[in-house]
Amino acid sequence: MITFANAKINIGLQVLQRRDDGYHDLETVFYPVKIYDVLEVVEAKSVRFISSGLLIPGDCQDNLCLKAYRLLKTAYDLPPVEIYLHKTIPIGAGLGGGSADAAFLLKLLNTMFALGMGEAELMNFARRLGSDCAFFIRNTPVLATGIGDVFQSVQLDLSSYHIVLVKPDVHISTATAYGTVMPNPTGRQLASALSLPIAEWHHAVFNDFEAGVFARHPGIGALKDLLYRSGAVYAAMSGSGSSVYGLFEDKPVLSGLNPAYEVFYIDNSDLQW
Ligand SMILES: C[C@@](CO)(OP(=O)(O)O)[C@H](O)COP(=O)(O)OP(=O)(O)OC[C@H]1O[C@@H](n2ccc(N)nc2=O)[C@H](O)[C@@H]1O
Ligand SMILES: Nc1ncnc2c1ncn2[C@@H]1O[C@H](COP(=O)(O)OP(=O)(O)O)[C@@H](O)[C@H]1O
């Protein structure tokens, strides 16, 4: 069975406070975008994980796909499987690719082996694999709170915008980004800021990771400026970085872009939920 795991972008991200367990409470909007990894699972004699496409750092035995399979196997009698992952979603880019793979694999195994899990149970497994993993179970735009795993639906439709996403040649570790961010417990009222016209988000919708990341990687801040100069109505870094997206009314021509950067012109207009 095959499934396609999509990425997300964050629209606004406020880090409110560091908790006793070391994690941070936050407020952000997760918005699905059409950049996909391909996942295939087939029954086999023994469990194997095989990946192609982008090289995934770390030991493949630690891949979130295998973690998702093993976690589910603690509760359900799953046969051995081979998991094939074709990796396209940029890694260490704030696009949630690893979490997306894990969540879509849980959904695939649920369907393939008729496990009968509902959304709530799938989300509970997903939460144990990554803070933003549960979002990909329902995969609809949400305002997320808690550690990124408590959701409220939002009426946000960006289908009329061209979303241009640029991935600099920088890998950012989420844990390192959280280690250097300055929490602000009062927040900045993300939900009400998002109700403003998008042309006003520039002054109202902020990603708290940007300051620290732009200080360490000035090229990423310069990239956001370039997107605005190219006509973006709104531009921001996604999550803990390093990718930066712009919302455009017309498809832009980006000039002066570092050739080492990867550009995605995303047609999100027909994304259904
Ligand atoms: C920052 C965000 C914003 O959407 O995404 P990315 O930019 O990485 O995609 C998420 O909070 C990333 O979620 P996720 O990638 O699932 O993080 P996890 O694997 O659970 O945690 C990685 C590390 O990040 C830190 N962490 C994560 C989430 C959170 N709310 N507080 C934290 O402090 C912890 O140090 C943890 O060890
Ligand atoms: N299926 C997977 N895809 C990508 N990264 C994975 C996967 N499984 C485990 N990882 C590990 O998770 C790290 C963060 O990956 P990713 O989800 O792309 O980052 P981000 O948190 O920026 O969205 C990678 O560096 C890699 O070591």
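Cβ atoms here come from the backbone N, Cα and C positions, even for glycine.
According to TrEMBL, the protein carries these features:
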- K8: active site (ACT_SITE)
- 63-137: domain 'GHMP kinase N-terminal' (DOMAIN)
- P90, I91, G92, A93, G94, L95, G96, G97, G98, S99, A100: ATP binding site (BINDING)
- D132: active site (ACT_SITE)
- 203-251: domain 'GHMP kinase C-terminal' (DOMAIN)
Specify the count of other C-beta atoms within 10 Å of the C-beta of G92 (ATP binding site).
20
For the recorded ATP site formed by P90, I91, G92, A93, G94, L95, G96, G97, G98, S99, A100, which further same-chain residues have Cβ atoms within 8 Å of the site's Cβ center?
A7, I89, G239
Counting every protein chain present, what is the number of Cβ atoms, excluding its own, within 10 Å of the Cβ of G94 (ATP binding site)?
28
Suppose we draw a 10 Å sphere around the Cβ of K8 (active site). How many other Cβ atoms does it contain, all chains included?
28
Secondary-structure category, per DSSP, in which K8 (active site) falls:
strand
If we count other C-beta atoms within 10 Å, could you say which of the binding-site residues P90, G96, A100 has the fewest?
P90
Which binding-site residues from the set P90, G98, A100 have a C-beta atom lying less than 6 Å away from ligand 1?
none
Please go through the recorded positions K8, G98, A100, D132 one by one and keep those whose C-beta falls under 6 A from any atom of ligand 2; give the result in sequence order.
G98
K8 (active site) to D132 (active site) - Cα separation in whole Å
10
So if I measure Cβ to Cβ from D132 (active site) and keep only same-chain residues at least 6 apart in sequence, which ones fall under 8 Å?
K8, F30, G96, S99, A144, G148, D149, G239
Within 10 Å of the Cβ of G98 (ATP binding site), how many other Cβ atoms can be counted across all chains shown?
25
Per DSSP, G98 (ATP binding site) is which: helix, strand or coil?
helix
